[in-house]
Amino acid sequence: MYPAHLLVLLAVCVSLLGAASIPPQPLNLVQFSYLIQCANHGSRATWHYTDYGCYCGSGGSGTPVDELDRCCQTHDNCYAEAEKKGCYPKMSAYDYYCGGDGPYCRNIKKECQRFVCDCDVEAAKCFARAPYNDANWNIDTKKRCQ
């Protein structure tokens, strides 16, 4: 990932924290962004997924607009399941590696870390498989995500 992309990702993360009115905390979003870049082999910058459709980015509601948005909805649901297990998915750090065929979780013994890593790896691979429709980026969610 290029340094400029990291700065953009950091700026997005900071603005999302401010917009959500929650105190700053360590997030695994940087790890998730690396998994996304690994899965799509750097073909699309991570920030393209931060405001896509009804579910990619902060929150989510309504009917997903396409396959990529369904990937984000599934990821949101996976994080919700992690929280039901007593995990903190946005704060869980884990060990992973990037192979030629995509990202994988590596040697994770703790249940919460493993669960969250699996959520993130599956989402990253789903993002890489799904078509990206520029028309679904930065949509009016109040109109399209009922």
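In case you wondered, yes, glycine gets a Cβ from its N, Cα and C as well.
Among CYS98, CYS105, CYS112, CYS126, the one Swiss-Prot lists as the disulfide partner of CYS117 is CYS105.
Going through ASP76, ASP95 against Swiss-Prot, the one listed in the Ca(2+) site together with TYR55, GLY57, GLY59 turns out to be ASP76. Of the cysteines listed (CYS112, CYS119, CYS126), Swiss-Prot assigns CYS126 as the disulfide partner of CYS71. Other than the site residues TYR55, GLY57, GLY59, ASP76, same-chain residues with C-beta atoms no more than 8 angstroms from the centre of those residues' C-beta atoms, the Ca(2+) site, are CYS54, CYS56, SER58, GLY60, CYS72, GLN73.
Cβ neighbour count for CYS78 (disulfide bond) (all protein chains, 10 Å cutoff from its Cβ): 18.
CYS105 (disulfide bond) carries a strand DSSP state (E or B). In this structure, CYS72 is the one among the disulfide-bonded residues CYS72, CYS117 with the smallest number of other Cβ atoms inside 10 Å of its Cβ.
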